[in-house]
Amino acid sequence: MSYLRHTAGRGRRRNMASMTAVVETEGLTKFYGRRKGLEDLTLQIQPGEVFGYLGPNGAGKTTTIRLLLDVIRPTSGRATVLGADTRDSAVRGRIGYLPGELALEGRERAHDFLNFMADVRGGVSRGRIDELAERLDADLSIRMGQLSKGNKQKVGLIQAFMHEPELLILDEPTSGLDPLVQQEFLAMVREVRTSGRTVLMSSHVLAEVQNVADRVGIVRSGRLVAVEDVAALRERAVRHVEFHFDAPVPREAFEGLPGVRDVTVEGANLRCTIDGRPDALIKAAAKFTVVHMVSSEPDLEEIFLTYYSEEAPRAHAGA
Amino acid sequence: MPTLVRKTLGEYRRSVIGWLIGISAFLSLYLSIYPSIRSNPDFYQQAALSKYPGPLKDLMGGLADIASGTGYLQTVVYQLLVPLLLIMFAMTLGTRAIAVPEEEGTLELTMTLPIDRRRLVLERWAAFSLGLLAVALVTLILVLALAAVGDLKVPAGNIVAAHTGLFLIAFFFGTLALALGAATGKRALALAVGGGYAVGGYVIETLGKSVDAISWLRWVSPFHYYLDGRPVFQGWPVGDYLVILAATAVLAMTAVLAFERRDVGV
């Protein structure tokens, strides 16, 4: 745990510490009667950051998000969003929100609904809604109650993104989207980050957020059990690497290299796994003629799950 | 008009039109048969009295002078059936302000708009009030027209007074359902409690006139302030109407305060 705290606070984040956090909670706690929703959450999300909020269903992700939007009220602790108390309704015009259980009902057509949302938030630039609808391939002429699940999710995304909010809070944003639309959505999230705005998105699988998130927080049984830098996570991840040389290579050349394990050499082919940096392996391989190299994406999910199993007893003890 | 009021009215439109058609059909049907009653008053008076013996007669408002235009208008329109219909409509609309969208889940996005909770409740209440007012106004014009055509011989001023009471009693119960929905988020509870109070209040007011044991309860029945002044016969019962209006304002305020402090959608 101490290691996690350490990595979370280092690097560029240290420079940001002096800036005003976009989301800041202190001891935020929510009980639904006697049932615990969230306990003692202290978290800061910095401007320009994409924060992945991870945990299994019922862990407290949605509770956190609904507290930040003042849909529910904390039992204790406090939260500020964009520098304002969550009770300040004006601040919500600067937030884009996609609920985890998005309900769009009634006979109203999707574009009328979007125009209403835009009006209340003070308007969006001309053509913006149509542009997003085109990107996500959404038909806005359909009545809301008749939209398919995927199309509802698209309408939900459009209303969250359309007014170019300073903070996007997205609860399980990719559920119900087909893979192509998911890619488009991730591109939209990257654009938001590029423009210096902030994103908090929840998911129950790391794979969904690992390619866009700067940091991930892991919540379990109502407690935040880890906050981890994705870059650091990636650095420590186990990678499977394969080299093909133009001639057979001696196995000894690759044994005992730092971070290199499971070395197998079959003629001109080398297979191994590396922990952390590939530097030593690359330098060793450079002595021979490399024909081809394959490096698999690190499986962050694996590391993530390792944390889970480590942290689980602690979380249960706290419950 | 504020955006949320306009949007809410859009949601209510079909319901408003539907109920308007239904209540208008009822009014047209019953008021158009009055001429045949007037032509044979003794027969119909006897028939009415024998059909509703004893306490049932009280429940129907006494049934005196049913063959006169005034008595007929009171018994058929303003005594029981039309208030019942309009109250049902008002309570349906009232629960759609908060409780129904909360149960559907659609309220969540509305709540994340930059509209504070007080304004949210007040604008939904305003839209409910306007929807109810629209139905009340159109049906008033219809009753005035039908009364003139059927020659009911009731002063137009008295009809306006009675219809204002009709609007107010529905306004009260609709606001009650809205407030219960705003406080609890539960549609069924709002309808059950509101409906129970309406039925109980009506029974207490009508039977309380001849049953001493419950007559002291009449002052807590909203119907007391609606029926007791007999506006179709006597014109405006201003004090009574102000009581209903004040009670409605208290309920609206309660709705705002209750919604202000609770968790939504849990």
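Each Cβ is built from the backbone N, Cα and C atoms, and glycine gets one as well.
No curator has checked TrEMBL annotations; they are predicted automatically.
Residues annotated as transmembrane segment in TrEMBL: B:16-34 (among others).
Annotated transmembrane segment per TrEMBL: B:76-94 (among others), in sequence order. Outside the transmembrane segment (B:76-94), and at least 6 residues removed from its termini, the chain residues within Cβ reach (under 8 Å) are 12, 15-16, 19, 22-23, 26-27, 30-31, 59-61, 128, 131-132, 135-136, 139, 143, 162-163, 165-167, 169-171, 173-178, 181, 190-191, 194-195, 198, 202, 223, 226-227, 231-232.
What TrEMBL records for B:125-148 (among others) is transmembrane segment.
What TrEMBL lists as transmembrane segment is B:160-181 (among others). Same-chain residues lying 6+ beyond the ends of the transmembrane segment (B:160-181) with a Cβ under 8 Å from its Cβ atoms: 73-74, 77-78, 82-83, 86-87, 89-95, 97-100, 102, 124-125, 128-129, 132-133, 136, 139-140, 143-144, 187, 189-191, 193-194, 197-198, 222-223, 226, 229, 231-232, 235-237, 240-241, 244-245, 247-248, 251-252, 254-255, 258.
For B:188-204 (among others), the entry in TrEMBL reads transmembrane segment.
Annotated transmembrane segment per TrEMBL: B:241-259 (among others), in sequence order.
When Cβ-Cβ distances below 8 Å are used as the criterion, the transmembrane segment (B:16-34) is approached by residues 69, 72-73, 76-77, 81-82, 85-86, 89, 92-93, 131, 134-135, 138-139, 142-143, 146-147, 150, 152 of the same chain, each at least six residues removed from its ends. Within the chain carrying the transmembrane segment (B:188-204), a Cβ under 8 angstroms from the stretch's Cβ atoms is held by residues 59, 80, 87, 91, 94-95, 99, 173, 176-178, 180-181, 214, 217-218, 220-224, all 6 or more beyond its ends. Taking Cβ pairs closer than 8 Å, the transmembrane segment (B:125-148) reaches residues 2, 4-5, 8-9, 12, 15-16, 19-20, 23-24, 27-28, 31-32, 69, 73, 77, 82, 86, 89-90, 93-94, 96-97, 154, 156, 159-160, 163, 166-167, 170-171, 174-175, 178, 252, 255 in its own chain, all 6 or more past its ends.
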